[in-house]
Amino acid sequence: MGTCAEVWLPAVGTQPQFGTHVVPVEAFVESLPDDVVPTLQSVGLGGWSPSGMVQQLLDLLHSSTGLPWWATIAASTLVVKVLLLPLIIKGQKNSIHMNNNLPQMQHLQAKMTEARNMGNQLEAARLANELMIFMKEKNVNPLKSMIIPMAQAPVFISFFFALRGMANLPIESFKTGGMLWFTDLTVADPYYVLPLITSVSLFCTLELGAESGVRSDNLQWTRYIFRALPVVIFPVTMNFPAALLCYWVTSNIFTLCQVGVLRLQPVRNYLNIPALVKHPKSELALSKKGFVEGVKETFTNTRITRELEERSRADEIRFKKAGMGPVVKTYTYDPTKQAFAKGAGTSQKIKG
């Protein structure tokens, strides 16, 4: 007689117990064999956020080219900076157009402010409309001056959070992905050379950038801020991972070279960048005002001009719609039909 195999069954009403211990990402990465490289998604990186897409770009470039991480960071930075060049050139052209027409614009703005302070709103509106027409004829738009910071800020923030996330995890190959004295990209530069290069290159970039912009007393305080900014940046970046500073140094050096190249006359002629006119201080209507007062007045006048421009555009749309669309009914009843009905009632009374 054969024997039956013993089969274990859980008691009725009981549930099998599963482990609830969660393994940290760092421990999971360290437990992998040396020849196994985890994907970005498996360690919580990547994704479709701006910083996640930058991480995917860096990982793709690193794995497809075999470049070390410092070269991968530098190469990706150069690619993005080159792609932004058309916007940079367009923003510089607009800044030069604004500078070359600055005396006329400030003269109209000063008249607008005077009319507004005297309570003459009609004259202020007329001058604002005149300023709007002048800016349209000269192809000047103050909002276009924000192209450069609005294009560069999202890129910088995305690279910052992407590299900080990869260094803080850390990506294991980051520890040997540096060069020279900063072989470990996950820790700060022990000799503070990278923070120093970052501050010096930022100072040179801001100085050259300020030289190519508008020169007036209203920008003097801005120049002081630009000169103090690198001094503040140095202690802030001392504890940054080397991967972040590798990106920042590459970006600053490229921008420095870019500003220098765009100052060459053959390059300016090829790109149709107009010459920068230096106006004497006596021609600037707002040169005697302080920095804060001048900025407030400029923003107020620009806002009024923008509102009038939008109102004029809306009036033009309504005018075209009225000329090409159906006839708009402007009465609640037809007076001819009403008069006819009244006459008909009278005639009926006469007949009766």
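Cβ atoms are placed via backbone N, Cα and C, with glycine included.
What TrEMBL says about a protein is an automatic prediction, not a curated fact.
Pulled from TrEMBL, these are the features on record:
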- 69-259: domain 'Membrane insertase YidC/Oxa/ALB C-terminal' (DOMAIN)
- 67-89: transmembrane segment (TRANSMEM)
- 153-171: transmembrane segment (TRANSMEM)
- 191-210: transmembrane segment (TRANSMEM)
- 231-250: transmembrane segment (TRANSMEM)
Take the transmembrane segment (153-171) and find every residue of the same chain, 6 or more past its ends, with a Cβ under 8 Å from one of its Cβ atoms.
25-26, 29, 43-45, 50-55, 58, 69, 73, 77, 80, 84, 185-186, 241-244, 247, 251
Averaged pLDDT, computed only over the residues in the domain 'Membrane insertase YidC/Oxa/ALB C-terminal' (69-259):
82
